[in-house]
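> Please find one structure pasted underneath; my questions will follow.
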Amino acid sequence: MHFTHQHPLLHPSLSKLDSSNLSSHIAQKQLSMSTAPTFVATNNMALALLLFCFFLAASAGNFYDDFDITWGDGRAKILNDGQLLTLSLDKNSGSGFKSKKEYLFGKIDMQLKLVPGNSAGTVTAYYLSSLGSAHDEIDFEFLGNLSGDPYILHTNVFTEGKGNREQQFYLWFDPTKDFHTYSVLWNSRSIIFSVDGTPIREFKNLESKGIPFPKNQAMWLYSSLWNADDWATRGGLVKTDWSQAPFTASYTNFNAQACVWSSGSSSCSSNSSGKSWLTESLDATGEGRIKWAQKNYMIYNYCSDIKRFPQGLPPECSVA
């Protein structure tokens with residue numbers, strides 16, 4: 001087996017988590033987690049949602065134009081005239097792809113349908129990253145589980161090569177049944193992670209408090225599907241069942257409203273008009289949705305893990 005192209009920083013960062021502490025968090029949350037409230041949309045809201053979905057579909061990119069398959073020996077496939085991409089994993093290898101363009105700020109959406117059934121041991125990684133030891137990175141990672149158990153959505157932010165900012169969530173739906181939209185809004189003010197339009201996490205620019213923020217390094221968008229059964233599911237206790245292979249994750253409706261970085265300059269340098277996302281931030285409704293998501297579905301927060309940081313929690317935990 002070879003995983004030379006897997007996400008290089010997942011294992012080091014996660015191996016530092018206290019697995020027993022995390023398991024305790026998960027067990028407690030399973031007992032107390034409430035179901036998602038029912039949101040009743042007005043006609044205007046429903047119409048707005050319909051128009052948004054139409055716009056997203058109409059503006060979605062073509063995988064042939066937007067991405068290069070970077071590894072997997074044929075296990076990654078672009079289908080349906082460029083409208084669908086699939087990654088697969090078997091006992092010999094996983095697979096992955098990378099954007100053709102670099103971005104420095106943007107609003108990036110991708111619809112994913114995750115590995116169904118017994119996905120224990122697998123990781124589907126979807127992330128932005130620059131290069132080098134002092135790289136910046138914005139992570140969505142989906143940790144597989146036994147059939148019937150929920151996926152874990154793992155998020156992280158690296159600045160100047162330093163991560164250890166993990167927050168983990170359950171989802172309020174089965175991410176293997178249908179496509180769902182996972183979005184990153186990244187501008188000079190903050191990084192906002194959203195699921196189906198609901199913000200779940202914000203990492204604010206607190207440079208005025210001496211906390212580094214990713215804003216100087218352009219990033220590529222990557223995704224990979226690979227085997228991590230030495231740590232991914234319950235600290236490595238549950239191994240990948242290769243009789244279920246190949247494991248497949250699917251992607252569609254990629255959309256990047258973003259500043260493209262090329263030859264040392266940004267496509268937004270000369271004209272930022274019409275790019276409202278460059279200055280977008282959470283309003284009171286968005287902040288309320290983050291509180292809802294974190295209250296009901298967060299199962300791990302590095303800012304609450306005193307055992308992990310005996311010398312004191314990271315500074316952004318108290319400042320934010």
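Start at 1 and count along the chain as shown; that gives each residue its number.
Cβ atoms here come from the backbone N, Cα and C positions, even for glycine.
According to TrEMBL, the protein has these features:
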{"type": "ACT_SITE", "residues": "E137", "note": "active site, nucleophile"}
{"type": "ACT_SITE", "residues": "E141", "note": "active site, proton donor"}
{"type": "DOMAIN", "residues": "17-251", "note": "domain 'GH16'"}
{"type": "CARBOHYD", "residues": "N145", "note": "N-linked glycosylation site"}
{"type": "TRANSMEM", "residues": "45-64", "note": "transmembrane segment"}
> What does the structure give for the C-alpha distance between the residue listed as 'N-linked glycosylation site' and E137 (active site, nucleophile)? Integer Å is fine.
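One finds 25 Å between the Cα atoms of these residues.
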> The domain 'GH16' (17-251): mean pLDDT?
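It averages 86.
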> 10 Å Cβ neighbour count around E141 (active site, proton donor)?
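Taking every protein chain into account, the count is 23.
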> Here are some recorded positions: E137, N145. Which one has the most Cβ atoms within 10 Å of its Cβ?
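The residue with the densest Cβ neighbourhood is E137.
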